[in-house]
Every structure is written in C-alpha cells, then in structure tokens.
Amino acid sequence: MNGPIIMTREERMKIVHEIKERILDKYGDDVKAIGVYGSLGRQTDGPYSDIEMMCVMSTEEAEFSHEWTTGEWKVEVNFDSEEILLDYASQVESDWPLTHGQFFSILPIYDSGGYLEKVYQTAKSVEAQTFHDAICALIVEELFEYAGKWRNIRVQGPTTFLPSLTVQVAMAGAMLIGLHHRICYTTSASVLTEAVKQSDLPSGYDHLCQFVMSGQLSDSEKLLESLENFWNGIQEWTERHGYIVDVSKRIPF
C-alpha cells in the first residue's frame, strides 16, 4: 500500500461514475440520488484528495456506509434514507461548521427527483435558536471544561499537555465563531485561517490562533496567558450577543 498517489480530477470523477453505476446496478429503484461532497464536490480537490459520496435511499431506516482503499486511493460512500439524511442535515452540534459543509456543496451525479436540493434547503433553513442553543452548549461542555484543564496545568502540570490543549481550544473557538456566523469551513486544514478572518471575534482569539498556526507552542506561560485572555474575551462576547448560559446552584434533576 503506497498511497495515496497523485491523481487528476478527471481520474477521480471516472471512479465516481464507476461507483455510481455499481450502486444503481446493486440497489436499482431503491436509489433516489447520488452526490459527491467534500473537496471533489467543491471542485477544489488536490492531487492527493480522497473521494466522498452520499447516496439517498428510499428504504426506511437505511443507514450504512462503505469505506475502502485500493492502496492508491480512498473512497467513502454513505447510504442513508431520505428521512435520516434530512434529520441529520437539520441538526446543529458543536462541530456543525465542520460536519455540515457537505450539504452546501453537493455535486449531483444522479438525482431522479431533486432530493439533493431538498437536503441543501433543509440544512440552509435551520432556525436561529438552534444555533443559539448549540453555542451555549459548546461554551459549557467544551470551553468551560478546557478552562479547568489549563488552570489545573498552571497549578500542578503537566505542561507537556498544554500545546495540544491549546490547539483544542483554538479549534473549539473556531466552532464557536462558525456557529455564530452560521458558516461552514472549507476543510479541516483551513479552519483556523478562515475563522480569524471573520468579523466580531471574541477578544484574544486571534492572538491565541497565532500561536497555534505558527507552531509556537513551547512557552507555557505565554500559552496560559493567551488562553486566559481568550476565556475572558468569551465572557464579554457572549454577554454582548445574548448567549446566556444557564447556571444552576442546585442539582438540576
């Protein structure tokens, strides 16, 4: 296995159409639509990019996938019923800016009834309150927890974990910003560079990202100071935008 190897877009698309024909031969009328997503769907694939496809099925509760490599290239094909796919497209979790970009750049390969457009419209039409709730949950479930971790490191170590924790905090901050602006990042590799270009960032976020993007993660004191500044910036930013985190003085159940 010596891959992935360099391939052209034309070579990838030839494979896509071979897979499409195999899907139609195997599942026949059960197939409603087939599309390509990811960099290939956006037409921004690089020489080593993989192939990602989605298949909308008429079978209720269909939900399975195939992922394989030939040793030279890799493919993932997800099979979902229309109901399951639409439900997932309407969900907003903390990683929505990374997971749901697929629904905004689907390249249709086979679509007998406009199903992929329906998926796109569903993802596009999520209510503002859903994003609001996801932001509040991210602050509590991820960022608040990370703050406890870096404060523990300041008190008792180990500082060896601080560089990777700083990367995690920067990524969580990017998810916060993506949810606020309701944008999906192009790729996981471009998350931070795209996040810092957005308007209305929490104070301290850009400075924190500079450490991560430059790889300057060896000075523990500077990292801890930057993390605290970002956390303070989040407090002011959330209050300004009305993201009220529920605080319970008692056990809530």
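Every residue, even glycine, has its Cβ placed from backbone N, Cα and C.
Record features, source Swiss-Prot:
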ACT_SITE  GLU145  active site, proton acceptor
BINDING   SER39, ARG42, SER49, ASP50, GLU52, GLU145, LYS149, THR187  ATP binding site
BINDING   ASP50, GLU52  Mg(2+) B binding site
BINDING   ASP50, GLU52, GLU145  Mg(2+) A binding site
BINDING   GLU52, GLU67  neomycin B binding site
BINDING   GLU67, LYS74, GLU76, GLU141, GLU145  kanamycin A binding site
REGION    1-127  region 'N-terminal domain'
REGION    128-241  region 'C-terminal domain'
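Within 10 Å of the Cβ of ASP50 (ATP binding site) there are 18 other Cβ atoms, across all protein chains. A straight line from the CA of LYS149 (ATP binding site) to the CA of GLU67 (neomycin B binding site) spans 35 Å.
Looking only at Cα atoms, SER49 (ATP binding site) sits nearest to GLU76 among the recorded positions GLU76, GLU141, GLU145. A gap of 32 Å separates the Cα atoms of ASP50 (ATP binding site) and GLU141 (kanamycin A binding site). Within 10 Å of GLU141 (kanamycin A binding site), judged by CA to CA distance, lies none of the binding-site residues SER39, ARG42, GLU52, GLU67, THR187. Of the candidate binding-site residues, ARG42, GLU52, LYS74, GLU76, THR187, the one lying closest to GLU67 (neomycin B binding site) when CA atoms are compared is GLU76.
THR187 (ATP binding site) is surrounded by 15 other CB atoms, counting those within 10 A of its CB over all protein chains shown. Every protein chain considered, the tally of other Cβ atoms within 10 Å of the Cβ of LYS74 (kanamycin A binding site) stands at 16. Mean predicted confidence for the region 'C-terminal domain' (128-241): the pLDDT average there is 97.
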